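**Student:** Annotated compositional bias 'Basic and acidic residues' per TrEMBL: 1077-1097, in sequence order. Marked as compositional bias 'Polar residues' by TrEMBL: 1171-1185. Sequence annotations record features per position, and here TrEMBL assigns domain 'Ig-like' to 33-120, 131-221, 243-331, 336-423, 429-516, 520-607. The domain 'Fibronectin type-III' annotation in TrEMBL covers 622-717, 719-816, 821-923, 927-1023. Taken from TrEMBL, the feature region 'Disordered' applies to 1077-1185. Annotation comment: TrEMBL describes 1-22 as signal peptide. The transmembrane segment annotation in TrEMBL covers 1047-1068.
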Amino acid sequence: MERTRARATVFLMLFLGHLSNALEVPLDLPQPPTITHQSPKDFIIDPRENIVIHCDAKGKPHPSFSWTRNGTHFDIDQDPKVTMRPHSGTLVVDISGEKVESYEGVYQCTARNEHGTAVSNNIVIRQSRSPLWSKERNEPIIVQEGVSLVLQCRPPAGLPPPIIFWMNINFQRLPQSSRVSQALNGDLYFSNVLKEDSRNDYICYARFPHTQTIQQKQPITVTVLNRKCVRVLTYGSAEERRPTFLIPSGSSSSKMVLRGQVLELECIAEGLPTPEVSWSKVSGEFPAKRTSFLHFQKTLRIVDVSEADAGEYRCTARNRLASVHHTIRVTVKAAPYWISTPRNLVLAPRERGNLICRASGTPKPTITWAMNGIPIESEYSDPSRKVEGDTIIFEEVQTGSSAVYQCHASNEYGYLLSNAFVNVLSETPRVLTPANKVYQVIRNSRALLDCSSFGSPIPKITWFKDSRSSTLDGDPYVLHENGTLEIHVAQALNSGKYTCVARNSLGISENHVYLEVKEPTRILKQPEYKVVQRNRNVVFECKVKHDPSLIPTMTWVKDNGELPDDERFVVDSDSLTITDVTENDAGTYTCIMITTLDQDSASAELTVVAPTPAIVYEQPDPPTDLELTDQKPRSVQLTWIPGDEHNSPIHMFVIQYADSLHHHGHWHNLTVVPGSKTTAHLKLSPYVHYTFRVLALNAVGLSIPSLPSRVYKTNPSAPDENPSGVDGFGTEHDNLVISWKPMSGHQANGPGLQYKVMWRQKDVDKEWTSVTVANVSKFMVSGTPTFTPYEVQVQAINDYGIGPEPAVVTGHSGEDLPMQAPDTVQVLVLNSSLAEVHWEPVPPKTVRGRLKGYKVYYWRERSLHKHNPHHVEQQVLTFSGNKSHGMLPGLQPYSLYLFNVRVFNGKGEGPASSNQQFETPEGVPGRPSFLRITNPNLDSLTLEWGPPYDRNGRLTGYTLKYQTVNISDVLGPVEELALPANETSVTLINLKYSTRYKFYFNAKTGQGAGPVVTEEAATIMDEGMFLMRPPSVAMAARQVDIATQGWFIGLMCAIALLILVLLIICFIQRNKGGKYPVKEKEDAHTDPEFQPMKEDDCTFGEYSDTEDHKPLKGSRTPSNGTVHRDNSDDSLVDYGGDGGDGQFNEDGSFIGQYSGKSSARDTAGGHESSEAPSPVNTSAMNSFV
């Protein structure tokens, strides 16, 4: 199993960024200009595009801009082709219709305001050039086989220089080798020519990168003659010959290169056979990471050259006949480069400071200074300013002496320019880091908390945590010069609120930030090595633990690349499943769990084997022949012979030991070694009687253990370690208990194990008090002052000496109950259910222990309403020790409460403060205690109710709302009635008979209405029947009651028989093609509820010839007296008052209008029948039929 763990690799960059921020003056303060963006010094432009020369600056007030060209003022207002961007110094030159050459030159930007002047670098503007190849005619070249040859390219000079390559007429690159290669100048060199070098399309191409254009030379024809041919117009004959250099010439040469550039040295030799070229440095080694060899070892390339790369380099050309050398002497010069640039300086009046400008180069550069763009020697003499070479010293600066200073460093190879301002300000501190910023780090990693500030004089930064009891200085905290607070190894206890305070002579400012220390991401169950047969399935598990507040992302990769886009790969939250495995699936699979702060990964290999049913994979046999060699007091070498692998390679060996002296018969894991090894060098402890055994592990599992080795005894010695888990605490107010984890016999290193227990009062006692004990794991010191810090140590001792110097652990003696109750206890009632309690924290000395917090005990003494009962139910809320106030939620409105506050520590609670009381205001009342409906009549109902149990104030009345509910549970309009608070019943009159009503009832106080209680009931029918039901079951209850009446069952049977006879008659008449007058049907119907059929023509109010073949269905007549049509599009429209105005002749065609039912009958009969629960229920009748 291969496993890797990764953490954020950018931390170092972030760390350096925290500590190296340049001084930033807030832009709302006066300040000289600062150049923020400018074009490069050597600016090559494309002649096809407009010229844009950048120059941006900031300052207060915002700076104005001007330019010089070739050292003189450039008046952009006089050139209509040149514009300056708003709020910027950037120039835009429109070159349409203009010659670009007229705008070439050296430009410099100046940004100025009332506090100073900043200048840019000299920006050299040159247009890119890609000239055409000069016309030439290349004569054919005839050469004899074996001689050397050079094909010259000589491209036109361009800006920047072109990239050279050789191709044929089909744009295919010509093959190159140690025999044929291209030189740095673009020429093509042949160490010796062969017959196959003959061709007529050697073409040199030049690509100009800036304009992306390609120029080509005329093709060159080369003819290679066989050695036996008659030589005519040839370059000569060739036999085998010693190497000689084509370039460079002679035995030595020299080359100069500038620091930071690329050094390219070239040696091309001719000879037969082809010489091989090698390189060496006479006086040193090549810089390995910066050196490369190109063009078949003929070019040595070193990037980012430094002074150490100077010296003599030797190239050697060698064939079987001889070798030849050439020495190149390399000198390294350097254009000026910064050692330290001057930094902006903010000074308060009468302060002092320095501007330092240090540069180096070869030769050493000259340093000159300018102020506001003018040489400083030309400026007026200022007694507060003194120039000493690369440093300007300011003393007793005065208000109004702000300026921008320019440092120039130059030698014959280049120049540098840097601006730095001196800003004289008096400014109170301000913290620039955003307030309440939250920093998140992983436990055991570095934490950096920012406190970027500004002020003049420069503020001093101090940090506090939580209670601000002391400044954070010293381990584990490091305060950096820029105000950043660093915690080397962040732990959970470092989480919390941090306060940084910036202070100078003019004032103080503070800011709060928060640190959250998160648990690291850990893979608990790693994927395991798998050997699987082809076409089988395999599962890799990867179970991860991470901080619950971080959002994790699980990713699987194969061989460090993405998983194949194949549905056979199924990724779950903690596993990867591959179905129907193929040989291509073999490889290394890695699960990576990534959070926003860290990540963890683990890998496993998949081996795919062919299906071989005859092969059996089993656990390996145990190793044999264990032997101990190289025996030393603290180590021994163990060797063994592996057992049979049983067709599965052994991954590792597990070495275990038993200690017959201390834990006879118990085996412990000692170490593991790879399966390829059969020896292990074991580190041992003193005073142990070792016996070893070895187990082998393959993909199937562990073998049984090997036979034990012989016993190997180590000699006793003094302890190597001290007890762990040392702690100091108190069980009573006047004692200190020092405890530790007992050491095992294996850790004792010898007989006679004892413990030397030492203690002293921290910052009071200089000498240690000690006692030596044995066979215990704690010791109690009596007579200690209450809750006092003590330093304790526990050191191991045996008969052979003492252990190492023990670590000092700080503990505290026992706690006692707090002495004092909190003072100045006050309460603020926020609303009817919430109050805020305030108290003055107790003095730390009276706590007599570790402050755990404050407890507020409160209880409802009584209600302010005379009808509500008196009940006491004490409650308690706990608040942290850094709190001086807390909320009491869930209070009862309109009540009297009592409360007190107590402080508590690890021992218990202190005395309570005196009881305070407060009253909660009114709230909305609770539900009425009950709602009953009595005395049902034909048109009236009586409602009775009880007042709410929780009145929560003075009742001002009740609200009653009610509405009708028809047989389809459709609600009617809402009626509302306001009732006085002293009423407990009301009778509603003029209600509809046999109608169901829904009631909504609630109480009110001055704060509003309380929750609603609902009930349903119905007025009685003529028969005196009354039904009251809950909303969800009222309809079902009414239907059950009707259906069980004997008279109802008889009536339903009669109606069903009558309908059956009429249906038979209808079918007979319709089959005879009878005609059915429609108009008489409506006249004959007086009550459609009880006369749903027309007996003389057997129709149901409407008829359609297209329904002859439809199955007969039970007809349900709506209670409003209308007969609704079927869903079929062929049926006739309803013929009620709104049914339509047409009538039909005998063949079904439309012939005119006919009158419908009267609206009066619809209103009088239909509406009421729809609401009354009639015993002749149409729905029940249809169900019966």
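If you go along the chain as it appears here, the first residue is 1 and each next one adds 1.
Backbone N, Cα and C atoms are what each Cβ position is placed from, and that goes for glycine too.
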**Student:** Relative to the domain 'Ig-like' (33-120), which of 131-221, 243-331, 520-607, 719-816, 927-1023 accounts for the most Cβ pairs at distances under 8 Å?
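**Tutor:** Comparing 131-221, 243-331, 520-607, 719-816, 927-1023 against the domain 'Ig-like' (33-120), the winner is 131-221.
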**Student:** Between the domain 'Ig-like' (520-607) and the domain 'Fibronectin type-III' (622-717), do 3 or more CB pairs sit under 8 angstroms, pairs being 6 or more residues apart?
**Tutor:** yes
**Student:** Could you put numbers on the helix, strand and coil content of the domain 'Ig-like' (131-221), residue by residue per DSSP?
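**Tutor:** Helix/strand/coil tally for the domain 'Ig-like' (131-221): 3 helix, 36 strand, 52 coil.
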**Student:** What are the DSSP helix, strand and coil residue counts for the domain 'Fibronectin type-III' (719-816)?
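**Tutor:** Helix/strand/coil tally for the domain 'Fibronectin type-III' (719-816): 4 helix, 47 strand, 47 coil.
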